[in-house]
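Notes for the one structure printed next.
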């Protein structure tokens, strides 16, 4: 959830080295630059020693900070995330029929992932194009990414809860799960995540004490552990809910003997889909969560990048899993692109219980 700051930590720890390595500083008053010296009685060797400082500072001044390929990969990933989720948001916004609670949650997830993608892009800009030594820039970057990725994870949890309730309370689901209730849940998610994002700006950071930094500066080690443990609890709850969804689906398949074969096939497909969702979510986030618990700022930065990049890829997968697989969104996408709907596209509206 606190992805960006690996790059900021890399720059803060090594970005200034190229400007301090030169033995002579052209603007240092202690350095002598005599232009009126008489070289008539001097050999060529002393002249070479006095001429060298005229060239070396110029070479140092034009030194350009080397761009990390990891930061380039994160920026490209952020661009892909932004494009995907902007498309999802546009479809939901311009299609009046997509206003059910399920689509509200999908739209909230798309907004969170869009902000996460923009945060990755802004982090690259702040790192290489703007003076990232400013506290305001660092805190803005970390706050945006904490809020966005936290909202993404909690929206996925809300979608999981919605799917479970649509099966567990199938008869009363449409009367209990109103649009107003869904909006209230989305507001609660965003208020909570924005509060998490504001914590570093309110003083919960390690800018004053670098020894307390986590792998993602300027988040402290304790806060990083708390966020990682919270993610592990969310993941455990998702696993429990999807397990219950599978049990309910198999129970329905056994109760309807007439359609037993059809439901057995569809249930098996649903279980496979659920397994793929959980595996993708766990594979993306678990390495970063576990590494945040065991590591700190003294660990090599390459390990942080290697766990951050898969975590960002979760926001690339989310639109595919939760939006583009939905037949209603597919129809709207086809209508927007070519003005028609393929005949092989299912005509049955997709409900929250579909996996």
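Note that the numbers count up from 1, one per residue, in the order the chain is shown.
Backbone N, Cα and C atoms are what each Cβ position is placed from, and that goes for glycine too.
TrEMBL annotations: computationally assigned, not manually curated.
Now, the feature entries from TrEMBL:
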{"type": "DOMAIN", "residues": "84-322", "note": "domain 'G-protein coupled receptors family 1 profile'"}
{"type": "TRANSMEM", "residues": "70-95", "note": "transmembrane segment"}
{"type": "TRANSMEM", "residues": "102-130", "note": "transmembrane segment"}
{"type": "TRANSMEM", "residues": "136-161", "note": "transmembrane segment"}
{"type": "TRANSMEM", "residues": "181-204", "note": "transmembrane segment"}
{"type": "TRANSMEM", "residues": "224-250", "note": "transmembrane segment"}
{"type": "TRANSMEM", "residues": "271-290", "note": "transmembrane segment"}
{"type": "TRANSMEM", "residues": "302-324", "note": "transmembrane segment"}
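Cβ atoms under 8 Å from those of the transmembrane segment (302-324) belong to residues 3, 6, 9, 68, 70, 73-74, 77-78, 80-81, 84-85, 87-88, 91, 106, 109-110, 113, 116-117, 120, 149, 152, 156, 159, 215-216, 277, 280-281, 283-285, 287-288, 291, 295, 330, 333 of the same chain, restricted to positions at least 6 beyond its ends. Mean pLDDT across the domain 'G-protein coupled receptors family 1 profile' (84-322) comes to 87 in this model.
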